[in-house]
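J.: Quick one: the structure is below, and I'll ask about it shortly.
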């Protein structure tokens, strides 16, 4: 069953011919900004000694995850918009979904690790040196990728483990679990339940850590006596929460709703966490910080 038809057809974001060129230009610009912003942040963290801290260690890995899963999606989407050849092999479709699931899940756990790091730094500064040691930071990153790798294996096996028959027209701009499972001829209730349960565990588990951490941070900030320091810390946390809300809100909309409620709005929601969020993260999490601006200024003077 899996090899009777060797290719899938991605129907794309929109089938209107006149909209293909404007969308190509827009998404190409977003992808270039995503690569420039995230690669630039990683290089800056690497070369600037002042940024060799746990916070920027996690930010560098977050940028790596953004680059990886954006690259898994965007080049194929841009090629489809430019040339109109929307076919993808069965192996290519499975690989795209597997890598996407791996890096998106890793990003969820990295965001949780970053929230925990900020919680310890602001709420328990005396314990922060021990809690955020280099070994502890590497363990959190390794745990993020380990859980993501195991989760991606389950997602992929559940999504592509059935028998496909008939036209393989994926109603999406990339190979995602829901649109692919709708093409499976055999019973998919068990696979859908497994994907839903694991997505719920990853999403709600990491989301709870983030909400609890930032809740404690806001409680501590409100107790500060310095009004400028309180305003600055609150502004930073608010911008972080906006980014997290966009990322998790669209993920929850996509993966934590019944299959019968999926529709054309899924593509719009998917654009936010596959294309827009990787572009915004470097600016929201880093370029608004005084430490990053100072490090950028030093690098410019050296150059």
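Just so you know, the numbers here start at 1 and follow the chain as drawn.
From the backbone N, Cα and C atoms, a Cβ is placed for every residue, glycine too.
Just so you know, TrEMBL annotations never went through curation; they're auto-generated.
Fair warning: this is a prediction, and the values are worked out from it, not measured in the lab.
The following feature annotations were taken from TrEMBL:
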type     : residues : note
DOMAIN   : 37-285   : domain 'G-protein coupled receptors family 1 profile'
TRANSMEM : 23-48    : transmembrane segment
TRANSMEM : 55-77    : transmembrane segment
TRANSMEM : 97-116   : transmembrane segment
TRANSMEM : 136-155  : transmembrane segment
TRANSMEM : 193-212  : transmembrane segment
TRANSMEM : 233-256  : transmembrane segment
TRANSMEM : 268-287  : transmembrane segment
J.: Can you find at least 3 Cβ pairs under 8 Å between the transmembrane segment (268-287) and the transmembrane segment (55-77), where each pair is 6 or more residues apart in sequence?
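T.: Contact between the transmembrane segment (268-287) and the transmembrane segment (55-77): present.
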J.: At a C-beta cut-off of under 8 Å, are there same-chain residues at least 6 beyond the transmembrane segment (55-77) that contact it? List them, or none.
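T.: Same-chain residues near the transmembrane segment (55-77) but 6 or more away: 10, 12-13, 27, 30-31, 34-35, 37-39, 41-42, 45-46, 88, 96, 99-100, 102-104, 106-107, 110-111, 113-114, 117-118, 121, 137, 140-141, 144, 173-174, 274-275, 277-279, 281-282, 285-286, 291.
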